[in-house]
Structures are given as C-alpha cells and as structure tokens.
Amino acid sequence: MAKELRFGDDARQQMLAGVNALADRVKATMGPSGRNVVLERSFGAPTVTKDGVSVAKEIEFENRFKNMGAQMVKEVAAKTSDTAGDGTTTATVLARSIVVEGHKAVAAGMNPMDLKRGIDKAVTAITKELQKMSKPCKDGKAIAQVGTISANSDQAIGSIIAEAMEKVGKEGVITVEDGNGLENELSVVEGMQFDRGYISPYFINNQQNMSAELEHPFILLVDKKIATIRDMLSVLEAVAKSGRPLLIVAEDVEGEALATLVVNNMRGIVKVCAVKAPGFGDRRKAMLQDIAILTNGQVISEEIGTSLETASLESLGTAKRIVVTKENTTIIDGEGKATEINARIAQIRAQMEETSSDYDREKLQERVAKLAGGVAVIKVGAATEIEMKEKKARVEDALHATRAAVEEGIVAGGGVALIRAQKVLDGLKGDNADQDMGINILRRAIESPLRQIVANAGYESSVIVNKVAEHKDNFGFNAATGQYGDMVEMGILDPTKVTRTALQNAASVRSLMLTTECMVADLPKKDEGMAGAGDMGGMGGMGGMGGMGMM
C-alpha cells in the first residue's frame, strides 16, 4: 500500500496539532469546576463523564498524522490510569505543556537529546521531592478526603469508601455495582464468597430467600466431575450418621450422582447442596486449596493420590455456616488454622510480587482478601441510567485514588505539591545550556495543572500561581470556594502515587515527540466502487413483487 511521508518540522507540527486538539478537549474536565463531556454511544443513552482517559479514548482525527500525536498522549493517560487509577487529566495537561515548550526549543535549534536529558534530570529530582513531602494516609478521615476530591467533591462517595476500607481492611476487596434505589449502599460479605451458586434449585431450603443455608456443615472438595454416586457412597453414609449437612464443591456434579443427592436432600436423609468449583484450570485448583485451608479440609485429587472412594470425615472441611444462592456461595467462619491461613496469604502475596500481568495480580488480590476475611460491595444509587454510569465511574476513580493514597501516602492537592517541589530545580544544573533548557521546560510545565484548575474555575491563573509560589508548605488555592489557605486542613489532598505517575508518564512521551524526524502513514483509500452503484439497474425487476399474494 502506498504511504504518505512527512519530515522535520512539518512532521512535528502535525503531531503537535494532534496533542493540542486532544488536550483541549480533556483539560475542560480538570478540577472541581471542570465541565462534563458527553460521549455518543452507538446504542442506548450517551455517556456523561469527567474522566480524562474516557474522553481521550473516544477522540479520533481524520488527519492520520494529527492522530498519531493524539494517540501518544492517549497512551500517557491510559498508562497513568492503569498504574495509579486516577490523574489522567493531570498527565494529559502535563504532557501537552512539556511537548509544546520542548517543540519551541527544538525549533530554536536546540539539541532534542540534550533537552530530553535535562527533562529526565528534573523529573527524577521532582519525584524524589514528592516522596519526601508525602505523608502516610492512615486514618479514615484522610481516606474520605482523598475519595471526596477524586469523586468531584462528592462527600457521600468519599465517606462510603472510607467506611468500606474500615470494614474489610486496606487490602480487602471492594467492588462497585449498580444499586436499585436512589441512595448509595454498602454491604459487607463476611468470610469467603465465590461466584458459583447451587447446581440444582432442589437444594434450596429457605424458600423466602431462595437459598440453601447449612449450619455447621461438612465441606467436600473434589477437583473432578462426579457422575456416579458409588464413588461417594462411603462419605455420604458417614455424613448421614453424623446428622450434619454437607456442601459439595466439585468441577461438576451430574447424572446419577446429582439425582441421588437431590432425592436424599428432599427426603431429609442428608441435608446437602452441591456447587461448581470457582475459577478455571490452575486457578480452580488454587482456589479449591484456599477453601481447604480456610475450612481445615483436604482437596480430593488423584494428583496427590486421594480418591472419593477412600475419603473419610477427616478429609472434609468444616465451617460455622454456609449460604448458597443462585449465583454465590458464602463460607462464614471456616474452621481453618490461623497459622496455615497466614502462610497461604504470604504465599499468594509472593506470587503477586512476581507476576507481570495486571489481571493475574487482581485475581491474586481477591484471593488474599477472601482469605483475610471480607468483601465490601458499594451499590451506587441514581435516578436514571445516565446518572448511574457517571456516578459509578466517579466511585471507581475515587476507589483507585484511595488505594493509591494508602499505598504511597498523600500530598497537598490542587496542583500545590508540584509547585512546592519546584524548589529542588533551583540548584539543579545540566551538563550544557540545552540540558538547562530541558530543566526549565519542566519547571514551567509543572505549573500547568494548577493553571488549568484555576482557569476552569474562571480565575486569573498567572496571579494565583504567583501567589501560591510565594508562600510555603501546604498554602494553596481552593478553586471550589475561591479561597486561599492550607490545602491539607481544607481536605484537598492528592495521592502521591497519582501525582508521581502522572509526571513520569507525561515526561516519557516527550522524548519520542521531540526526537521525531519522519512520520509515515497510509494514503487514504479512494471510494472506487461507489460511482458504479448509482443506477442499480438490476433492481428494476423488484417492482414485479407487487403481484405476490400475502400469506
């Protein structure tokens, strides 16, 4: 396919146009006075959002060279979202500022590689200073404040996230779901819950809740399908004699085995419920082992030389209570040994450190939380579907921000932390004048988040930036109220991880753009077939269809 080429300054100008066009649309969402952006959907209601990365992902330009510049900044926003979960608009605004200032320097004849080295030195110095300024985020009040700011100053969201973290711990799993009412709701699932329900509705013993509830049950864990009742006859007889109920967790229970269990349950011979094991493949085996450790049981597996025929009551796990619904199984107060559970948690955490997959890390984190004791579910309430989507996105952003705050601490929000970190650049020198220019580019760029927050609130950015820079510590400007003061006391906080990640990712794209000398894109295809489709002469005979009788 034929290609179109652009070189030198022409290429950089096209790329810069894409960066500016994307950033202009994203920057409008920044700060407490940021505006919403409405995104069209191919079906259903449009999406209303203030999330920078959501806006960026929707933007495509017809001009392919312009689009390349926009795509690079999209990557900055997406990487920031993946790493820190928030700060995507900040990253976009910083990236644009660095690229624009860097482009001016390259146009003036400066060496792009030396500019890059100068910017890198400045980013390293600022990052270290941010980490020095960072304060631990330990108490519920600070967590609520971080969540409130990230959720566009919605105190209800900040408070419910802080409450959820308090109940399940800072490493607990917190999920966000659509609610049924107008108010946000928080429910906490005690013990271990996995997303598998009863195999047959005939196991239900609580008709009001449509659930199977087992008090002090035995738990049989099997890593294969159970098709014949003969395999598990000895276990069933032993459980029936004990008079206690039985939960069976297996790859599947089918055919004769399922029919026999249902009949025994309905006749009251043995109170039983069967569910499929959670997960797939190796993850299923790992989760079965988690349940075994939590309930002080053993997984019946041919891989380790155990079989159903030889299983006894000693092989079974136990728990205080189990509730099985159509979709979930919850094991409450498993009778596993604390030392074994803690050892299993440590083992899973070690796997989290080693894995490079975000998906695997998330699944491992869920397993830790389930073993450690609890999952919190935030149900988002809203009047309409459009409001629900927008509110749910804000809750998820706030949740990511609070996790980041717990992980690396907090700094003064509203762009103030970057202004305070600016002082470390005063004594920083490059190896030559071009590197010094790179340091100065970053010095100006890190003012851009505060400038944008102030501009979106309708104030004069230069005056406010100068006044904030003249003061010390946490002194800043509250764009929501139009007042100056201590940002920490006013509850305006940013997670250190979010600010650091936004800066590092924004700076990473500038070297690619500043050192670009050639751009290559496919030539647009001509619509060759459209001209011949005009008369569609062969369709004339369709008129004869009028004589066809209706059936």
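Easy rule for this one: first residue shown is 1, then count along the chain.
The backbone N, Cα and C atoms fix where each Cβ goes, and this holds for glycine too.
Features reported for this protein in Swiss-Prot:
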type: BINDING; residues: 29-32, Lys50, 86-90, Gly414, 478-480, Asp494; note: ATP binding site
Mapped DSSP class for Ala479 (ATP binding site), helix or strand or coil: coil
Protein Cβ atoms within 10 Å of Thr89 (ATP binding site), excluding its own: 28
Residues that sit under 8 angstroms from Thr29 (ATP binding site) by C-beta distance, when 6+ apart in the chain: Arg35, Asn36, Val37, Thr49, Lys50, Asp51, Gly52, Val55, Thr89
All-chain count of other Cβ atoms within 10 Å of Asp494 (ATP binding site): 30
Most Cβ neighbours inside 10 Å, all chains, among the binding-site residues Gly31, Gly87, Gly414: Gly87
For Ala479 (ATP binding site), the number of other Cβ atoms found within 10 Å of its own Cβ: 25
